[in-house]
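Database features (Swiss-Prot):
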- 80-120: repeat 'WD 1' (REPEAT)
- 130-172: repeat 'WD 2' (REPEAT)
- 174-212: repeat 'WD 3' (REPEAT)
- 215-258: repeat 'WD 4' (REPEAT)
- 260-303: repeat 'WD 5' (REPEAT)
- 431-470: coiled coil (COILED)
Amino acid sequence: MSWRPQYRCSKFRNVYGKVASRENCYDCIPITKNVHDNHFCAVNPKFLAIVTESAGGGSFFVIPLHQTGRIEPNYPKVCGHQGTVLDIKWNPFIENIIASCSEDTSVRIWEIPDGGLKRNMTEAVLELYGHSRRVGLIEWHPTAINILFSAGYDYKILIWNLDVGEAVKMIDCHTDVILCMSFNTDGSLMATTCKDKKLRVLEPRSGRVLQETTCKNHKVTRVVFFGDMKRLLTTGVSKWNTRQIALWDQEDLSMPVTEEEIDGLSGLLFPFYDVDTHMLYLAGKGDGNIRYYEITAEKPYLTYLMEFRSPAPQKGLGVMPKHGLDVSACEIFRFYKLVTLKNQIEPISMIVPRRSENYQEDIYPMTSGTEPALSPDEWLRGVNKGPVLMSLKEGYRKENKAIYKAPVKEKKSLVVNGIDLLENVPPRTENELLRMFFKQQEEIRRLKEQLSQRDLLVRQLELELKNLRNSPKDS
């Protein structure tokens, strides 16, 4: 019988993080001070987008990826929102299209010129209104082009078909603020976490809840699908107030498959999963560490590999898509770290050390490409398809020919699931909401006072009528 080691040998056990040199970082960026638990950063092979601090509305920078170094204070911004920008996401199939959502209750679609911005951009190619409160999350469908999901503080998820510029579905099964949305590989399933302490697995087209559990010993904040492994991972806090991760079977959420405590820090844990290498990265908000694990279908499921440490705390992290990585350097993942203490964006490359300079096929399998598998109409009809795969062997040289043509919209009511979402224009910020509330309170008080006066007048008239009826008898 041959001898076998008790530990599992992994080709990723020596992966290390390499921080970009100072001249390859992005300096002097006024990163937003908003405390919303998002990354405030989005990146693709062309552009880097960062939500910035601004007065009188929300804005974000869009910087060509090669334009590193110091960013001028008067650098052009995307600044059309009337409230703080809370989330931004690049279209995975059209690299010049970015979506943003804001406290002004809107979702907006922007088209960035190839060379970047030369002046402030204030006009979006499409403005989407449907939420009655601020919109905190947006996600693109992973395989269908121009399908966008938005989650608002009205506890609703709207599904937008950007080809027609309208919400086509509404998911209203949540009873509190939605914290996170994640899709499986083909986008046929969606997992959500919510402030009501529930983890849900949904069929996104119908909004039907397939699995649901209340996490009693594990307060969930973030969730991520493990590709086609039929597993979910959540990050959160244990009943002892320690940061914790839990692995779930997507078809049975009655109890977690396994749980693991991470540390006693208080910052949110952001999970990132690489479906090609089956590696999980855990990055803590407010600290500078990134832990990474290898995921397997059998026990122990999670194998700890190593930890990247940095003294500079991170506010959020953007992630470069696989086709934007440097395969010649054996780079398998790249973060863009928001360092508010330095007003800096710091690229961090995760590298597999190899002596050979040849293409390493074992760490670069076929990966999700930039071609959509489905049109919006096909997906809405119920078709499911996995992503269109591409090879990274020749590097990413493809010129994306896909373009987005915004629909011409007429003013009309927006009816989703039998509910008119635009029957009344919603307040766009929290201050407007408070003003509207106090105005309504004053109007209610005034109406009650008028009603009381009219009740008194009615009683007086009834008494006079009674006296008139009795007067002939007295005569």
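Backbone N, Cα and C define each Cβ position, glycine as well.
Each residue in the repeat 'WD 3' (174-212) gets a DSSP state, and the totals come to 0 helix, 22 strand, 17 coil. Across the repeat 'WD 4' (215-258), the prediction's mean pLDDT works out to 90. Distant neighbours of the repeat 'WD 3' (174-212): 37, 136-137, 139, 141-144, 149, 151, 153, 155-157, 159, 219-225, 227-228, 232, 234, 236, 248, 250-253, 275, 373, 379-380, 382, 384-387; these residues of the same chain sit at least 6 beyond its ends, with a Cβ under 8 Å from one of its Cβ atoms. Helix, strand and coil counts from DSSP across the repeat 'WD 5' (260-303) read 0 helix, 24 strand, 20 coil.
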